[in-house]
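As annotated by TrEMBL, active site, proton acceptor applies to Lys312. Summarising the annotation, TrEMBL assigns S-adenosyl-L-methionine binding site to Ser195, Ala228, Pro229, Gly230, Gly231, Asp247, Asp267, Asp283. The feature domain 'RlmM ferredoxin-like' is assigned by TrEMBL to 13-81. The annotation domain 'Ribosomal RNA large subunit methyltransferase M THUMP-like' is assigned in TrEMBL to 94-169. For 193-285, the entry in TrEMBL reads domain 'Ribosomal RNA methyltransferase FtsJ'.
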Amino acid sequence: MPDTALPRRPIDGFLAWCRPGFENDCAQELAARDAALATGGYARARRDSGYVEFILADEASATRYDRALRTDALIFARQWLRLHARVDRLPATDRLAVLMPAIRATGLTFADAWIESPDSTEGRELSGLCRALNTALIVAMKRERLIAADSRWRLHLGLLDPATALVAVADVAHSAPWPGGIPRLRFPRGAPSRSTLKLEEAFFVLLDAGERERWLRPGMSAVDLGAAPGGWTWQLARRSIHVTAVDNGPMDAGLLESGLVDHRREDGFRYQPARPVDWLVCDMVEQPRRVAARIGDWLAAGWCRHAVFNLKLPMKKRYDEVMLCRERVAEAAAGAGKRLDWRARQLYHDREEVTVYATLR
Ligand SMILES: C[S@@+](CC[C@H](N)C(=O)[O-])C[C@H]1O[C@@H](n2cnc3c(N)ncnc32)[C@H](O)[C@@H]1O
């Protein structure tokens, strides 16, 4: 860029924060949505950067894309934000002097403002700078009356390196309520494995507050396939839900003593419940298609009302594999004369895997 160019460049598009190493999957997913909507966009992604920029042709396309994302969330993005501008050549001494005009140019006021960096090695090194700048930013925005408690918007400044920022905006009601889209969950004392955080996060991210209250009630019943040592079972038992834990491996002794857990040393692909249960959860390390087919069997037979399951994705074409799994479960739903409600997400606590909530309507 020549020196005379403005450091601020307006953009119509999206910024997606994702797990480092999954930028291609995220870009492929954004492109697939774009193809379905005919919005004419393209992705900019760099491996291990922890983010993807998706650039659209104009504001109308971005608005159409934005609307579609409200009803069908992205799998590989922890947070997606409407991009307004890219600011290059931030001076080391007074970054806000350059950023404030770009913020004003959005024409919006904001309920809050977050300065975030990607969840990458370089990005994490910027977290101190983000915190220091964030405090000064809020002061400057208040001074210019750009902060308004009743605004529906939250400002996000994505600091990519000390001299480059992306100016982006989230609708508070339709975005992750955590910086970087990362829920900081504390490991619960007494839980038998770290996997417990996956199911806890899944309940937070894939269900809304009303659904959690209605669908996770004391006295309900569940089956946990591939349960040992019991992190997922623990999440259900702590909600006073009765669990049949299916696994040839040993379960945590404390869980078995709770009186809420029945351990069956059986094959999770063959096990059938004696009567229908409220929940099926499944964390078996197996081919994703095989897991999806079994979940389809359970839902179509009415053996469970709700299912949460993990799809392990050691392959290259991870987005395609998840779509194929969705197709498998949708076919089972159609066979039962029902429609599938499918919510898949790569959670913060997921590694090479995604977690799915599914039910039939
Ligand atoms: C990732 S671990 C599950 C961890 C568990 N969700 C937790 O929170 O502690 C996978 C488990 O699946 C079990 N598993 C794999 N194949 C299975 C099968 N066919 N039937 C039952 N369990 C199986 C393994 O024995 C292992 O304990």
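Using the three backbone atoms N, Cα and C, a Cβ is placed for every residue, glycine included.
Under the three-state DSSP scheme, the residue listed as 'active site, proton acceptor' falls in the strand class.
In terms of Cα spacing, the binding-site residues Ser195, Ala228, Gly230, Gly231, Asp247, Asp283 that come within 10 Å of the residue listed as 'active site, proton acceptor' are Asp283. Looking just at the domain 'Ribosomal RNA methyltransferase FtsJ' (193-285), the mean pLDDT is 98.
Ligand 1 lies within reach of Ala228, Pro229, Gly230, Asp247 from the recorded positions Ala228, Pro229, Gly230, Asp247, Lys312, judged by a C-beta closer than 6 angstroms to any of its atoms. Cβ neighbours within 10 Å of Ala228 (S-adenosyl-L-methionine binding site), excluding its own Cβ and spanning all shown chains: 21.
In the structure shown, the C-beta of Asp283 has more C-beta neighbours within 10 angstroms than that of any other entry among the binding-site residues Asp247, Asp267, Asp283. Between the farthest pair of Cα atoms in the S-adenosyl-L-methionine binding residues (Ser195, Ala228, Pro229, Gly230, Gly231, Asp247, Asp267, Asp283), the distance is 20 Å. There are 19 other CB atoms within 10 A of the CB of Pro229 (S-adenosyl-L-methionine binding site), with all protein chains counted. The most densely surrounded of the recorded positions Ser195, Gly230, Gly231, Lys312, judged by C-beta neighbours within 10 angstroms, is Gly230.
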